[in-house]
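What TrEMBL lists as substrate binding site is Thr136, Lys275, Asn284, Arg293. Annotated divalent metal cation binding site per TrEMBL: His167, His212, His267, in sequence order.
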Amino acid sequence: MSPSLLPLAVSLGDPSGIGPEVVAKCWDSRHALGLPPFVAVGDPRSLSEVWNGPIAVVSDPREAEGAFERGLPLLAVVAAEASVAGQPSTAGAHCSLDSLELAVGLARSGSCSGVVTGPVSKHQLYSIGFAHPGQTEFVAERCGISPGNVAMMLAGPSLRTVPVTTHLPLREVADRLSSALIEARGRVTLRGLQRNFGIAEPTLAVAGFNPHAGENGALGREEIEVIMPAIEALRAEGWDVVGPMPADTMFHTSARARYDAALCMYHDQALIPLKALHFEEGVNMTLGLPIVRTAPDHGTAFDIAGEDRADPRAMAAAIRVAAQCAATRAAQG
Ligand SMILES: NC(=O)C1=CN([C@@H]2O[C@H](COP(=O)(O)OP(=O)(O)OC[C@H]3O[C@@H](n4cnc5c(N)ncnc54)[C@H](O)[C@@H]3O)[C@@H](O)[C@H]2O)C=CC1
Ligand SMILES: NCC(=O)COP(=O)(O)O
């Protein structure tokens, strides 16, 4: 069986969040949404609490394709206590981590064609000792890649963005930015566009850090001293890189049409434009890994969990993009 035909592993995320609901809704609408076979990984009770559709418990992902038409295939990770939608718990945090671990392992071992991760609560994970900023860095570590050599891409139909720095206090961003980090994230992004999206000669637009990209140094010198050297280093390797661009004018319609991805200096600079344009279908993808990993762009949404209000389209897009990227990679060999 070609790797792109293997099922995807989809972790349910925090069992008290909307992950179980959106995964179940994706299975319900699998034909209308054009979704490939996938196997859910998580606590069966978190699904049954919010959904009365059929669950096909499997013990091996190879059973998922055959089971996919009769029920939502599930590799069970049973939490120490049953979860309550909207009420995060320590047992739920452990379950979300165990589910993530199993799902990533299935992709790493080649049993699944990639992993789609359901939303977890960082706060809950930190409270049980999770030492990574997010799932991105956890998956990177499990794949033997240093966090500096992966990139978190947020992708929607008309925009892809990559933050250079991710989950850290805003006041620490300026100190964390370095030419080496910007260059590394830029290179991972450019290679990731080729590897996952089949864009042979990608164009990367690099955002400035200060208002008006520093106004020639009058409003900050990061553009001159930190960002420009990284751009020049990437150009010297032959990459098509533009910038530093003023961040407030690089996301309107005609500006977006001129690049394949925007490299942004911090989390909200990248995620605000993406979620403003594409919240309902935004996909978070980790570039630089030997495996395919995607996720919906939203979080656990504890405020609406259990109310049948969760929109499954971002999870569906994450599943679809993972399958497309796995197929693109397989075709490249
Ligand atoms: N990939 C991941 O695992 C992510 C996890 N998070 C985590 O999620 C938790 C909550 O984060 P928030 O900032 O509140 O973001 P959030 O995305 O969970 O919720 C923001 C708002 O959007 C709504 N919303 C989110 N997804 C929705 C959907 N599919 N359908 C309908 N409404 C939806 C929520 O009800 C809420 O009002 C945090 O602990 C954070 O760490 C946040 C983003 C990504
Ligand atoms: N804001 C994006 C986000 O939280 C995703 O993080 P990760 O858990 O996928 O690393």
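Keep in mind that glycine also has a Cβ here, set from the backbone N, Cα and C atoms.
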* What is the interatomic distance between the Cα atoms of Arg293 (substrate binding site) and His167 (divalent metal cation binding site), given in whole Å? -> 18
* Looking only at Thr136, Lys275, Asn284, Arg293, the residues listed as binding substrate, what is the longest Cα to Cα distance in Å? -> 19
* When you measure from the Cβ of Arg293 (substrate binding site), how many other Cβ atoms are you left with inside 10 Å? -> 26
* Structure fact -> Listed in sequence order, the residues of the same chain lying six or more positions from Asn284 (substrate binding site) whose CB sits under 8 Å from its CB are Thr136, Met152, Met153, Leu154, Ala155, Thr294, Ala295, Pro296, Asp297, Ala318
* To do: Could you check the binding-site residues His167, His212, Lys275 and say which one's CB has the most other CB atoms within 10 Å?
  => Lys275
* Lys275 (substrate binding site) and His212 (divalent metal cation binding site), distance between Cα atoms, whole Å -> 22
* Go through the binding-site residues Thr136, His212, Lys275, Arg293 and pull out the ones with a Cβ less than 6 angstroms from some atom of ligand 2. => Thr136
* To do: Please report the DSSP secondary structure of Arg293 (substrate binding site), reduced to three states.
  => strand
* Structure fact -> Cβ density check for Thr136 (substrate binding site), other Cβ within 10 Å (all protein chains) comes to 25
* Only counting partners 6 or more residues apart, tell me which same-chain residues put their Cβ under 8 Å from the Cβ of His267 (divalent metal cation binding site). => Pro163, Thr165, Thr166, His167
